[in-house]
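Here's the structure, in C-alpha cells; my notes come after.
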Amino acid sequence: MQNRNTFSWVKEQMTRFISVSIMIYVITRTSIANAYPIFAQQGYENPREATGRIVCANCHLANKPVDIEVPQAVLPDTVFEAVVRIPYDKQLKQVLANGKKGSLNVGAVLILPEGFELAPPDRISPEMKEKMGNLAFQSYRPTKKNIIVIGPVPGQKYSEIVFPILSPDPATKKDVHFLKYPIYVGGNRGRGQIYPDGSKSNNTVYNATAAGVVSRILRKEKGGYEITIADASDGHQVVDIIPPGPELLVSEGESIKLDQPLTSNPNVGGFGQGDAEIVLQDPLRVQGLLFFLASVILAQIFLVLKKKQFEKVQLYEMNF
C-alpha cells in the first residue's frame, strides 16, 4: 500500500515538473520571438510620428534604402500583394549581442490606410503563400489591424517580404471611401544601436566620456574592455566600459579628447522608410469605363462601315 502511494506521489511530481517545464519553454520562446516588434509596440502608440518619421529610426541610426511595390489600384474585398524590399550586401556580417559575428536579420513595419488589413489565411492563394514563405505577420495593436509588423527574420532568405493584404469594402465599412490612399513602410537590416531605454547596444561606436590620458586598458574575461581615463582637469579617474564587439582604437598613454571615439563603429546595417499610393477603385466606375470604351469602339466600327457604304454609293452614282 505504501509503495502504491509512493508511486502515485512520484507520478504526480513528474507530471507537475513536465507541465511547468512546458510553460517556461512556451513563455521563453514567445518572448524571444516577439522581442523585435515589442520594442516599438510597447513604447509608441503609433509607429509613425506626426512629422512622418517612423519610430524605428530612433534605434537604427544609419540610413539605408527600402522599397515598396503595390498595385496602382485594387477593387474592394480583394487580396493583393505588397512587396517590401530591404536590399543589402549578403556578404556582410554584423556584431551579435555576445560580440561574435553573424548574419544580418531584417524586419519591417507596413502602415496601411484605415480599413486595409492582413488577409486571412483562407483568402490567400497557394501562389501567394509560396511567395510569403514561413513568415508570421502580426498587427501592431489589436485595435490597429492596418499596421503590420514582421521580424526579425533571416535577411539571407527574406530581404524581399511579401505582405498579403485585404482591401476594405465601403459597402460594409462606412468610414472607407473610393479614394487614393498613401501606404508607408519602414524596413531595417541588422541590429539597432540604441535600446528603447536609451542605453547603447554593442553595435555602435563608443566615445570617451572625459578628456585626459588613457592610464589603463583592462581586457575583460568575457570580452570587452574597461578603459580608465585620468581626467585632464583634476586628475580623477573615469572608467568607460566597452562591451564585446567594437574594436578598440586607443592605447594606454594616449591623450584623448572628450567624445573622441574609443572604438570603431561595427554597424553594417540601417533603417529606411518609403511610401506608395494605392487607389481603392469603385467597381461601378470600372464597369462604366468599360462600357464607355466599348461604345467608343462600336461607334468607330459603325463610322468605318458607314464611310465604306457612302463610298460604294458614290462609286455607283459615278458609274451610272
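The backbone N, Cα and C atoms fix where each Cβ goes, glycine too.
Bear in mind that the values here come from a model prediction, so they are computed numbers and not experimental data.
If you look up Swiss-Prot, you'll see Tyr36, Cys56, Cys59, His60 marked as heme binding site. Summarising the annotation, Swiss-Prot assigns signal peptide to 1-35. Feature annotation from Swiss-Prot assigns transmembrane segment to 286-306; the stated evidence is sequence analysis.
All features noted in Swiss-Prot, drawn onto the structure.
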residue	record	Cβ neighbours (10 Å)
Cys56	heme binding site	25
Cys59	heme binding site	19
His60	heme binding site	25
Contacting positions for the transmembrane segment (286-306) when only residues 6+ beyond its ends and CB under 8 Å are counted: 75
